[in-house]
C-alpha cells in the first residue's frame, strides 16, 4: 500500500518560511571543499537525500568531515587536490544528478577504480555527453550496463586539452567538467555544441569556483578556458543560500491564496536563476517585494502567460500548477530538459494536470494548460519526483482536497515541506 497524504482545501496562506539550503549550491560546495587545500565550514547546508548521497560518497573516497547534529553545518578537511580512491569502490548515488555528474568528472582526474551507480531511474538519465567529453580529454570511463547511461566505471586519466560537450540536454555535464578541469595537468578548453540549457546553473558553478579561488575564462557561454594544475583554496566559512526552487511553492501559494508569504535565505542578489520565478508570478498579476535576504509575494488576480522557461527549468514546474488558478491558457516553452530529470516531467505533469480537470497539450518541448471551471479531487501520482509532490500540493488552494501519493519523495530536497506548508495554511 503506497503512502499518501490528503490535503484539505486551504483558504489562506500567510507567514514566513526560512528556506532550507540550496541543493545546487550544497552539492557543488561540498565537492569543491573536498578538493580544496584547507578546511571549509559550510553553514545552512541542505539536509536531504541528494546531499547525503554526496556526503556518503566523499566519505567512502576518504574525505574527512564532521556534521552538526541537525546536519546543516559541515566542516570539511580538503584533500588539496584530486580525489584518489585507495581501493576499488562502488558509490551508490541514489537519483542525485548533482552528485553523479560532478563526481564522475572529478574522479577522472584522480587515480582509482570507482563504479558510480544509483537507483533504477538514475540508470535512465543520460550521461553520454559528459562521458564523451571526458574521453576526449583522455579519461578512462566504461559503461557497465547500457551505453550512454550509468552505472559507470571510472579510472582517471583526464589530462585536459580541447573537449567538446553538448549543452542542449543538461547543464550539469558542463558544470562537472568545469569543476574538475582546474586540477588537470594541462589547460582545458571546453567548446559548447548546441544551445546551452539552464545557463543560470552554470553561473552558480562559476561563482562557487571563484569563491574557492579558481577563475574561468567564459567566452559568452560558447567556449570556456581553464588553466590546469590549479588548486582550490578552502573558504573558512561559507553560508549556503536558501533553495530558490523550494521557494517557488510558497511564493506561488501566496500568489494564489495570500495573504503574503515571505521566504528568507534568498533575495535580489541570489546566485540562483530560479529567483526569476518571482518575475513570472509578477507577470501573472501577483505583487512581489524584493529584499537583500528575502522575497515576499502577495495575492493578485492571476492571468495566463506564454513564456520561454529554459532559464528556470525546476521552478517552472510550479507555474504549471499555478496555471490552474489563472485566467486563460498558460504556455511554457523550451523545456525539453524536463524530460531527463527525476522522471519525464513533461509527460508526468500533463497526465496529473488532466486528472484535476485541466485541458493540456503536451509537445516535444512545451506544455499548454487551460484550467477547468472547477478543479476536481484526484489522487496525484508523484513518480518518485520531489517536485511533482510539491507542485501538486498547490491544488489544495482550490475548493477541492487533493491526495498526494508517496509524499515522502520530497526528502530528495525538502524533507519537511508539507509541515512548512501546513504552518502557513489556514484551512477552509
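Note that Cβ sites are derived from N, Cα and C of the backbone, with glycine treated the same way.
According to Swiss-Prot:
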- 314: active site, proton acceptor (ACT_SITE)
- 23, 97, 125, 172, 345, 387, 412: phosphoenolpyruvate binding site (BINDING)
- 23, 24, 28, 170, 171, 172, 198, 314, 337, 341: 3-phosphoshikimate binding site (BINDING)
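All features noted in Swiss-Prot, drawn onto the structure.
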| residue | record | Cβ neighbours (10 Å) |
| --- | --- | --- |
| 23 | phosphoenolpyruvate binding site | 26 |
| 28 | 3-phosphoshikimate binding site | 26 |
| 125 | phosphoenolpyruvate binding site | 21 |
| 171 | 3-phosphoshikimate binding site | 23 |
| 172 | phosphoenolpyruvate binding site | 26 |
| 198 | 3-phosphoshikimate binding site | 23 |
| 314 | active site, proton acceptor | 26 |
| 337 | 3-phosphoshikimate binding site | 20 |
| 345 | phosphoenolpyruvate binding site | 25 |
| 412 | phosphoenolpyruvate binding site | 22 |
Counting across all protein chains, other CB atoms within 10 angstroms of the CB of residue 97 (phosphoenolpyruvate binding site) number 24
Check: min Cα-Cα distance from residue 97 (phosphoenolpyruvate binding site) over recorded positions 171, 198, 314, 337 goes to 171
Among the recorded positions listed as 28, 171, 198, 314, 337, the Cα nearest the Cα of residue 387 (phosphoenolpyruvate binding site) belongs to 314
Running the binding-site residues 23, 172, 345, 412 through a 10 angstrom C-alpha radius around residue 337 (3-phosphoshikimate binding site) leaves 345
Among 23, 125, 314, 345, 412, i.e. the recorded positions, the one with its Cα nearest that of residue 198 (3-phosphoshikimate binding site) is 314
Among 23, 24, 28, 170, 171, 172, 198, 314, 337, 341, the record's 3-phosphoshikimate-binding residues, the widest C-alpha separation in angstrom comes to 20
For residue 125 (phosphoenolpyruvate binding site) and residue 171 (3-phosphoshikimate binding site), the CA-to-CA distance in whole Å is 13
